[in-house]
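Noted in TrEMBL for the protein shown:
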| type | residues | note |
| --- | --- | --- |
| DOMAIN | 2-117 | domain 'Semialdehyde dehydrogenase NAD-binding' |
| BINDING | Thr9, Gly10, Met11, Val12, Arg37, Ser38, Asn307 | NADP(+) binding site |
| BINDING | Arg97 | phosphate binding site |
| ACT_SITE | Cys126 | active site, acyl-thioester intermediate |
| BINDING | Gln153, Arg227 | substrate binding site |
| ACT_SITE | His234 | active site, proton acceptor |
Amino acid sequence: MRIAVVGATGMVGEVMLKVLAERNFPVTELIPVASERSVGKEIEYKGKKYTVVGLQTAVDMKADIALFSAGGETSLEWAPKFAAAGTTVIDNSSAWRMDPTKKLIVPEINASELTKEDKIIANPNCSTIQMVLVLAPLHKKYNIKRVIVSTYQSITGTGVKAVQQLENEYAGVQGEMAYKYPIHRNAIPQCDSFEDNGYTKEEMKLVRETKKILSDNTIAVTATAVRVPIVGGHSEAVNVEFSNDFEVAEIQNILHHTDGVVVQDNNDTFTYPMPMYAQGKDDVFVGRIRRDESQPNTLNMWIVADNLRKGAATNTIQIAEYLIAAKLV
Ligand SMILES: NC(=O)c1ccc[n+]([C@@H]2O[C@H](COP(=O)([O-])OP(=O)(O)OC[C@H]3O[C@@H](n4cnc5c(N)ncnc54)[C@H](OP(=O)(O)O)[C@@H]3O)[C@@H](O)[C@H]2O)c1
C-alpha cells in the first residue's frame, strides 16, 4: 500500500507513523505531507528518512490511502482532490463527519457499512470514539434512552501548540497561547468554539456523532467538555439511562467481552482507569461501573483512553486495515 500521511509533522500525524510501524501495516511507500512550512523537512519511519512533500505533490503521487490529520480546512479543500485522483481518504478532522454522504466509522461498531464507493471516510472525534465503543454493546442489550457525559480532556487534543503552552507555563516562560487562559493548575470549561445554543463544538460532536455511529437518533445526549492539564488521554464521567434494567455484573461481563475495551473495576484494589496509565495504549479503559441510585435503569461509568491513539491514529489505521482486509482498496 502506498500511504500518504497528511499532517505527518503534527501531534496525531506522529502517532499515526508510530502506530503504522507498530502494527506492521503493509506500507510499500510512505508519503509524509504537511504545510508549505515543513516541505523539505525529513521525518523518520522504521529507521528510514522520508522528505515531507506538499499537498499537490502528494495528490499527484496517487497513493492508495491518505490518512488526514491536518485540520478541517485542509480536509475540506484537499480530501476531494485526493479522492478524485483515486486515493481513499480517512479523515481525522470534523470536516466530513456529519455529511450525510460520508460514513463515520469506529471499526468495532460499524466498519461493515463501508463499500468501495466510500472515497472519503470520517474518523469520529476522540471523545466520541472512546464513549461509543463502551456504549455500543450496552445499547444493543438494554437500549439507551439518555446519556449525560462530562469530559476531562487532555491538552494533546489541541495539538502541538497546547503542549508547548503547558511546558512554557511549567517553566515560567511567556509564549504563544493555545488557550485563552493558563492551563497549568486550571480546568477550562471550553473545548473548541461555542455554537449558538451555548454548547461548544466538542460538546455537540459528542451529541451528534454518537447518534450517527449508533444509527439511532432517538438517543438523547448532553455533554459538558472540560480541558484539564493532563497529557495521557481523555477521561469521561458517563451517566447512561436505559429502557431496560440491568445487573452491574452483567454490564461488566459484556464489556469484558467487547473488542477494544478493557474493564478496570475493583474498588477493593483501587483499580480504575486513569489517563497516566492509558497513555500509549490502543484500548479504551472503563471502570467505576455502578448503579445510579437516584433513578431506575441508570448506570455511571468512568471511561479513559489515549486520545491520540484510539481517539485518532489507531482508529484511523484500523479503518485502513479493514479496507485492505475487505478488499475495498
Ligand atoms: N489531537 C487529537 O487528539 C485529535 C484527535 C482527533 C482528531 N484530531 C484532528 O487531527 C487534526 C490534527 O490535529 P493535531 O493535534 O495533530 O494538530 P497539530 O499538532 O497542530 O498538527 C497539525 C498538522 O497539520 C499540518 N497542517 C496544518 N495546516 C496545514 C495546511 N494548510 N496544509 C497542509 N498541512 C497542514 C501541520 O503541518 P506543519 O507542521 O507544516 O504546520 C501538522 O502536520 C485536527 O483536524 C484535529 O481536529 C486531533
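Our numbering is plain: 1 for the first residue shown, then up by one each step along the chain.
Using the three backbone atoms N, Cα and C, a Cβ is placed for every residue, glycine included.
All annotation found in TrEMBL is predicted automatically rather than curated by experts.
Note that this is a predicted model, so its numbers are computed, not measured.
Where TrEMBL records a feature, it is marked here on the structure.
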{"residue": "Thr9", "record": "NADP(+) binding site", "DSSP (3 states)": "coil"}
{"residue": "Arg37", "record": "NADP(+) binding site", "DSSP (3 states)": "coil"}
{"residue": "Arg97", "record": "phosphate binding site", "DSSP (3 states)": "coil"}
{"residue": "Cys126", "record": "active site, acyl-thioester intermediate", "DSSP (3 states)": "helix"}
{"residue": "Gln153", "record": "substrate binding site", "DSSP (3 states)": "strand"}
{"residue": "Arg227", "record": "substrate binding site", "DSSP (3 states)": "strand"}
{"residue": "Asn307", "record": "NADP(+) binding site", "DSSP (3 states)": "coil"}
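In this view, Thr9 (NADP(+) binding site) is surrounded by 19 other Cβ atoms within 10 Å of its Cβ, with every protein chain counted. For the pair Arg37 (NADP(+) binding site) and the residue listed as 'active site, proton acceptor', the Cα-Cα distance reads 30 Å. Thr9, Met11, Ser38, Cys126, Asn307 are the recorded positions among Thr9, Met11, Ser38, Cys126, His234, Asn307 whose C-beta comes within less than 6 Å of an atom of ligand 1, given in sequence order. Checking each of the recorded positions (Arg97, Cys126, Gln153) against Val12 (NADP(+) binding site), the C-alpha distance stays within 10 Å for none of them. With all protein chains in the displayed structure included, the most crowded Cβ environment within 10 Å among the binding-site residues Ser38, Gln153, Asn307 is that of Asn307. Between the two most distant C-alpha atoms of the annotated NADP(+) binders (Thr9, Gly10, Met11, Val12, Arg37, Ser38, Asn307) there are 26 Å. When the recorded positions Cys126, Gln153, Arg227 are compared by Cα distance to Thr9 (NADP(+) binding site), the shortest distance belongs to Cys126. Across the structure, the residue listed as 'phosphate binding site' and Cys126 (active site, acyl-thioester intermediate) place their CA atoms 12 angstrom apart.
Fewest other C-beta atoms within 10 Å: among the binding-site residues Arg37, Arg227, that description fits Arg37.
Confidence in the domain 'Semialdehyde dehydrogenase NAD-binding' (2-117), given as mean pLDDT, stands at 98.
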